[in-house]
Amino acid sequence: MEITLFDPIDAHLHVREGVLLKAVLKYSSEPFSAAVIMPNLSKPLIDTQITLEYEGEILKNSSNFKPLMSLYFNDGLTLEELQHAKHQGIKFLKLYPKGMTTNAQNGTSDLLGEKTLEILEDAQKLGFILCIHAEQAGFCLDKEFLCHSVLETFAHSFPKLKIIIEHLSDWRSIALIEKHDNLYATLTLHHISMTLDDLLGGSLNPHCFCKPLIKTQKDQERLLSLALKAHPKISFGSDSAPHVISKKHSANIPAGIFSAPILLPALCELFEKHNALENLQAFISDNAKKIYTLDNLPSKKVRLSKKPFIVPTHTLCLNEKIAILREGETLSWNIQEIA
């Protein structure tokens, strides 16, 4: 059995920087045609110049791959800066509520504040797409749900602004997407295939710790259903977020799952299991092209066959190891050719 996927797109990706970028980028740039690149670096991408420099680093270390750059939402985004960014081909803004995830200490503290709404008004006029880490302070399993009132306000106040709920994790958010024409979402492999049991049902597994948290079986099943039918308002976004093992095994574990090396084989396995392989092309590419109005992307064909793929236990960054999701397991699908 074989399947060929055309122009895979990862609508939410972390490729880090420096030597770590050089170690992990290939796992995304080789099989994927394009990816929406997250801006929460140690030095966040708060303006056009910094963002273009980072884009250059990605392009220097990849080929036949389009990084779709995003700006870190901040109070310094004047109308002039947004116009400059748009002129340079940047079409995404990423809003992080302050402190909700990795490198979000510079995030937005008042999501409904006057300055935030002013920037969103400008973004709407210029045709930006707003990607939001949709969590609010509260009990860890309810943080996405607690952000619903903010999402509703944004959707009503800016009806022409496309708003993406990144890494949808709570089944209660599905109703919002179906209610509001301008609300969309991305789904990760881990949120549609894993639950809290994978994180802490046995021994604590730090390599399954992410934000937003993987949640209950009900959440996983409802989200998987969206993916399997390739809901037209949903696109795939891996949120692949590598950390070296020494940090993942520390007392202060950073959130992030490194899934990039297994994404396409694991998705094939999952969709075949549920008799939905015919919908994988839409989930992995076609929906994103429509939602984000993407064209002129690098052409890519990825042929996968039903042959065993043993997931490596790790990859290397200098002398440090980076653990890979489902390390050591055997997947039933494997990439045979990328053209």
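Any Cβ shown, glycine's included, is placed from N, Cα and C.
Remark: Lys94 (Zn(2+) 1 binding site) has Met38, Pro39, Asn40, Ser70, Leu71, Tyr72, Phe73, Cys131, Ile132, His133, Glu166 as non-local neighbours, by Cβ distance under 8 Å and separation of at least 6 in sequence. Positions annotated as Zn(2+) 1 binding site by Swiss-Prot, on the basis of sequence analysis: His12, His14, Lys94, Asp239.
Summarising the annotation, Swiss-Prot assigns substrate binding site to His14, Val15, Arg16, Asn40, His133, His243, Ala255. In this view, His133 (substrate binding site) is surrounded by 27 other Cβ atoms within 10 Å of its Cβ, with every protein chain counted.
Annotation note: Lys94 (Zn(2+) 1 binding site) sits in a strand segment as assigned by DSSP. Feature annotation from Swiss-Prot assigns N6-carboxylysine to Lys94.
Residues annotated as Zn(2+) 2 binding site in Swiss-Prot: Lys94, His133, His167.
Using a 10 Å Cα-Cα cut-off from His167 (Zn(2+) 2 binding site), the binding-site residues that qualify among His12, Val15, Arg16, Asp239, Ala255 are His12, Asp239. If you measure from the Cα atom of Ala255 (substrate binding site) to that of Asp239 (Zn(2+) 1 binding site), you get 11 Å. Those same-chain residues not listed among His12, His14, Lys94, Asp239 yet with C-beta within 8 angstroms of the centroid of the Zn(2+) 1 site C-beta atoms are Leu13, Val36, Ile37, Met38, Asn40, Cys131, Glu166, His167, Gly237, Ser238, Ala241. Here His12 (Zn(2+) 1 binding site) comes close to Ala35, Val36, Met38, Cys131, Glu166, His167, Thr186, Thr188, Gly237, Ser238, Asp239: these same-chain residues lie at least six apart in sequence, with C-beta atoms under 8 angstroms from its C-beta.
His243 (substrate binding site) sits 10 Å from His14 (Zn(2+) 1 binding site), taking the Cα positions as reference. Looking at His14, Arg16, the binding-site residues in this record, the fewest other C-beta atoms within 10 angstroms of the C-beta turn up around Arg16.
Under a cutoff of 8 A between CB atoms, and with a sequence separation of 6+ in the same chain, the neighbours of Val15 (substrate binding site) are Leu21, Val24, Leu25, Ser28, Ala35, Ile37, Ile58, Pro67.
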